[in-house]
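Novice: Provided herewith is a single structure, encoded as structure tokens, for subsequent inquiry.
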Amino acid sequence: MGVPRPQPWALGLLLFLLPGSLGAESHLSLLYHLTAVSSPAPGTPAFWVSGWLGPQQYLSYNSLRGEAEPCGAWVWENQVSWYWEKETTDLRIKEKLFLEAFKALGGKGPYTLQGLLGCELGPDNTSVPTAKFALNGEEFMNFDLKQGTWGGDWPEALAISQRWQQQDKAANKELTFLLFSCPHRLREHLERGRGNLEWKEPPSMRLKARPSSPGFSVLTCSAFSFYPPELQLRFLRNGLAAGTGQGDFGPNSDGSFHASSSLTVKSGDEHHYCCIVQHAGLAQPLRVELESPAKSSVLVVGIVIGVLLLTAAAVGGALLWRRMRSGLPAPWISLRGDDTGVLLPTPGEAQDADLKDVNVIPATA
């Protein structure tokens, strides 16, 4: 079968559908979403991974950084010291396998290879493994637990399987991970950080206006750094529903989410509007008033001060580096949470809402 060109929207849809019974309603699943591209854009990773515990992202990795790092509330999980080193080692092996697959496919690309690997604990505490793969947005291969190898109907599946079989004990490592390592990790996470599954972070909100076409302005209601991802935004005019605008939604590198909704109104009428936000982290719906120009000026001053503080921090970092090179101990340890990889969506469904006057931000990007 021929291989179609990559369709980014299809890739996201595929990984939304693949989990099956491992939906967001279950908090007892551990899933790794792996993606590799044969022709990455300059400055972007060729391979990246997001790890999910139930509906929450707990891990990120990409080939530029080369280290597995915790996300969201899992940054504070009381894990054993070697845990993240083990995650890093395993994902570097996966990175090598995925990039080797492109050699087996030849140079006809571009190709996008994705994998969904993990396990779910059933009611009787037994583990149900998942190991499926997609090429350019179409599922084409899985890992057969009985045969202990990869297989599929496409010739590309045979080519990749043969290539991976040549790697040192790759099939045995895959089998061991699915049947033993994955359920063990899942049980450890549930034991050490079950409270993190109830993590709720309320959004920081802002409502701003900017000029649009002659005689009109655009109101933008923005929500920052919230979790869980389900969120409702709606506009009111003098207390009455004002319809919905154009929405935007996406994940942050720390496991939280951001969203916004924009509405076009008549110039001079902006002060009649407000934004209402509903979220699990809020005790009640929050009313967000239009930000005044004076407040915006204060924000600009704050940004300038922030830049100055970052500059000072950079100078301090240079001094710290020199201190460490000279053999002196470091006075602190800093956690880094950047991620240049594109995060894949979590399985789940959006919260129901009245679409006539509510802008619903879905649980999947």
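The backbone N, Cα and C atoms fix where each Cβ goes, and this holds for glycine too.
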Novice: Quick one: Swiss-Prot says Cys182 makes a disulfide with which of Cys119, Cys274?
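Specialist: Checking Swiss-Prot: disulfide partner of Cys182 resolves to Cys119.
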Novice: Test of record reading: of Ser60, Ser217, Ser334, which one does Swiss-Prot tag as phosphoserine?
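Specialist: Record says Ser334.
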Novice: The disulfide recorded in Swiss-Prot for Cys221 goes to which of Cys274, Cys275?
Specialist: Cys275
Novice: Give the residue counts of the region 'Alpha-3' (201-290) per reduced DSSP state, in the order helix, strand, coil.
Specialist: 3 helix, 56 strand, 31 coil
